[in-house]
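Listed in TrEMBL:
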BINDING   H99, H101, E106, H147  Mn(2+) binding site
BINDING   H101, E106  oxalate binding site
DISULFID  C31-C40  disulfide bond
DOMAIN    68-201  domain 'Cupin type-1'
SIGNAL    1-21  signal peptide
Amino acid sequence: MTGVVVLFSTLVLNLLHLAFAFDPSPLQDFCVFDAKRTGCKSPETVTANDFFYSGLHLPANTSNPYRAGLKAARIPGLNGQGLTLARLDFLPNGLIPPHYHPRAAEILTVLEGSMEVGFVTSYPNYKHYPKVLNKGDVFVVPVGLVHYQRSVGRVKTVVLSAVNSQNAGIVEVAAGIFGAKPVIDSNYLAKAFRLNKGIVEQLQSKPWF
């Protein structure tokens, strides 16, 4: 029990540090999002349920070629708090392709199973920092760096992910390049990636989204 308390306390502290790192500080106690008004709810109508979400105990949809899924905690009270929370699910051999978040760092906590996570630093070093995580392990991905996640165990993996932005953004590297519309010139991409032009055109014809 003590270990669980320590893990939870560490997670909360890490989330708080992330939450106050980038997005602007709010000018009021809270701004619960009101979809009907596309603004803040009146504080008089706010209830505890506006800061509550039940559903992260249920798995995300993993019926896709990557065998992985994401389920965000949609909490109206998170609006303006500079934080996004989600559950990641991986079937065996599941993965999330290389991507980056232009406006946020990410913290990953493994709840079940095991996974490899890694990020690559910027030019000129392009240093790769990989790490295999097991249940209870926590890993931080710095803001704006290309990173990936993949399951390395024989059972499914469940991860709690938090980013320190309400709108972190996500750019999947391969999809952003080869799935761009209108397409990027294939001759240019063939030279840039040192690939055969036919391979580039084949990649560009794939349904990336």
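Glycine is no exception: its Cβ is also placed from the backbone N, Cα and C atoms.
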- [ ] Summarise the domain 'Cupin type-1' (68-201) by DSSP state, stating how many residues are helix, strand and coil.
- [x] 22 helix, 58 strand, 54 coil
Open item on the list: At 10 angstroms around each C-beta, which of the disulfide-bonded residues C31, C40 has the fewest other C-beta atoms nearby?
Closed with: C40
Task: Residue among binding-site residues H99, H101, H147 with least C-beta crowding, 10 angstrom cut-off - done: H99
Task: Other C-beta atoms that fall within 10 angstroms of the C-beta of E106 (Mn(2+) binding site) - done: 25
Open item on the list: Distance check, please: Cα of H101 (Mn(2+) binding site) against Cα of C31 (disulfide bond), rounded to an integer number of angstrom.
Closed with: 24
Task: Inter-residue C-alpha distance, C40 (disulfide bond) and H99 (Mn(2+) binding site) (nearest angstrom) - done: 32
- [ ] Report, in whole Å, the straight Cα-to-Cα distance of C31 (disulfide bond) from H99 (Mn(2+) binding site).
- [x] 30
TODO: Provide, as an integer number of angstrom, the distance between the C-alpha atoms of E106 (Mn(2+) binding site) and C31 (disulfide bond).
DONE: 23
Open item on the list: Please report the Cα separation of C31 (disulfide bond) and H147 (Mn(2+) binding site) in Å, rounded to an integer.
Closed with: 32
TODO: Specify all same-chain residues, apart from the site residues H99, H101, E106, H147, whose Cβ lies within 8 angstroms of the center of the Cβ atoms of the Mn(2+) site, ordered by sequence.
DONE: Y100, A104, F119, V141, L145, V146, V163, A168, I170
